[in-house]
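Asks: Pasting in a structure now, in structure tokens, and then I'll have a few things to ask.
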Amino acid sequence: MALVSIAPLASKSCLHKSLSSSAHELKTICRTIPTLGMSRRGKSATPSMSMSLTTTVSDDGVQRRMGDFHSNLWNDDFIQSLSTSYGEPSYRERAERLIGEVKKMFNSMSSEDGELINPHNDLIQRVWMVDSVERLGIERHFKNEIKSALDYVYSYWSEKGIGCGRESVVADLNSTALGLRTLRLHGYAVSADVLNLFKDQNGQFACSPSQTEEEIGSVLNLYRASLIAFPGEKVMEEAEIFSAKYLEEALQKISVSSLSQEIRDVLEYGWHTYLPRMEARNHIDVFGQDTQNSKSCINTEKLLELAKLEFNIFHSLQKRELEYLVRWWKDSGSPQMTFGRHRHVEYYTLASCIAFEPQHSGFRLGFAKTCHIITILDDMYDTFGTVDELELFTAAMKRWNPSAADCLPEYMKGMYMIVYDTVNEICQEAEKAQGRNTLDYARQAWDEYLDSYMQEAKWIVTGYLPTFAEYYENGKVSSGHRTAALQPILTMDIPFPPHILKEVDFPSKLNDLACAILRLRGDTRCYKADRARGEEASSISCYMKDNPGVTEEDALDHINAMISDVIRGLNWELLNPNSSVPISSKKHVFDISRAFHYGYKYRDGYSVANIETKSLVKRTVIDPVTL
């Protein structure tokens, strides 16, 4: 939650002024605020949870607070030192040859005289092939082939599921679970009720006590399928509980192998926090080693070689984009914002983990820039700025004119221009992609976002703890999800006409749920540190206020249950087979939610970015794979 510094204020009268000030009122407010230079670091305060506070004194004597965040981990010299040879044409030519060979594998499954045709395993071959290219991160090359394969599988799907082949007498758990997951992810109407057929007479999922490798693989696919659950699907909840317990027990018995590593990865990250490029990197390490899951009629070596080449070719593009991003960061004046967290490389990493198609450079860079700005603003509203300054800044941003920054404190002048220039720049890129000017739309999102910050400012200054409903509605906006997603997705080569955009952005259910996950998950990771800084309002504290006698643990359980429900709702909004909006138009908003969720998986990974987040940067951006 972005809450405002309780440092001494130049004037408290500004707090109740309208944020839609006229130019005359804005100038009047300006006269109450002295122009400030950048602050100098002062005495260290008592540490609070994982992040301590530092008291600073600005040039005009105003006492301020700064979060004692660690500095940018990825300096310019390091980024410039990265080297790669995978941008050479020979690697791209080699990849193109392999793409052609993999297409032949797909096509031979569909030809009547193809050597891969087998009525006893033609269904599982197709599903396995689609699942493999997706997990290896190379599916973008085979969209037509994937559709053809899944159309074929779906034509044999029944209320009993599927067997290995079209002539299989009975359905089996492995084929049905993997088929359910894969078909559902592509928008086919498949019911989870098929899983009830794999329960015993007591209504429980049943497996043999021996836990063979084949059975473990089937239960692993059951677990993966259970994560693509929709609201109200009790059988999916039961499948998740059963399969998770089964796999955890299996890990205690089986030897260390590619299968055991795959189980650990899937149990660790699930689906909603298993980012596609991260999964590709992990799956490259285990693919082809597991003889139980490999298909002798499919050349896994060629699939693996292509996956490695594609990973490293994109790595060479990442290097160029990172060099550009670091130059932008320096040229924009961002390093002068010493009060904030600088996580532009980390945000770029998240973007490249969910959108690694070469043509989506604008999305990756736009997302990194926008999230960097949001984070600096969060720290400005949260700790460094006074209420008067922040109200002045918010009103000036609504005027959207560089002259409005003239009366701002010096540090805010720089911040104003970073926002102004970057939003305009991304809008220009969006206009090229969408064929229309989207600036007014973007400004509306930014205005509402900053208004939500000011609402939180009033709560903390007046000591008001809102109801859960008040906090939740405002908090979904102040989470920043909508602001972070809107402009970057409009730079993509995906049409977003107004009737589609309203189903993806505000006021859509998709947008609402994505914002909710970020707000709720962020609160569960940050509320203790926020409270130690005097920032009381969170979903946990507001829920406890509404329900006297509820313990903190009870409140956390309630919020975590809400998150699970919201995730299922978000799954439905993305994959609803009756939706008039294609999955391709919704997927990147959904994946942005996954990226933010990953950042809060273990802790506040945006404040403490030198542990899991650093590992993600190294594994998916810095280090290539070995061919």
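Numbers run from 1 along the shown chain.
Including glycine, each Cβ sits where the backbone N, Cα and C put it.
Take a look at what Swiss-Prot says about it:
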- 1-36: transit peptide (TRANSIT)
- D378, D382: Mg(2+) 1 binding site (BINDING)
- D378, D382: Mg(2+) 2 binding site (BINDING)
- 378-382: motif 'DDXXD motif' (MOTIF)
- D530: Mg(2+) 3 binding site (BINDING)
Asks: Determine, to the nearest whole angstrom, how far the Cα atom of D382 (Mg(2+) 1 binding site) is from the Cα atom of D530 (Mg(2+) 3 binding site).
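Replies: Cα of D382 (Mg(2+) 1 binding site) to Cα of D530 (Mg(2+) 3 binding site) measures 10 Å after rounding.
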Asks: Here the binding-site residues are D378, D382, D530; which one has the lowest number of other Cβ atoms no more than 10 Å from its Cβ?
Replies: D378
Asks: According to DSSP, does D378 (Mg(2+) 1 binding site) sit in a helix, a strand, or coil?
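Replies: Once the DSSP labels are grouped into three classes, D378 (Mg(2+) 1 binding site) ends up as helix.
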Asks: Cα-Cα, whole number of Å: D530 (Mg(2+) 3 binding site) versus D378 (Mg(2+) 1 binding site)?
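Replies: Here the two Cα atoms are 13 Å apart.
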Asks: For the motif 'DDXXD motif' (378-382), what is the mean per-residue pLDDT, to the nearest integer?
Replies: 88
Asks: For D530 (Mg(2+) 3 binding site), what is the secondary structure state per DSSP, taken as helix, strand or coil?
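Replies: D530 (Mg(2+) 3 binding site) sits in a helix per DSSP.
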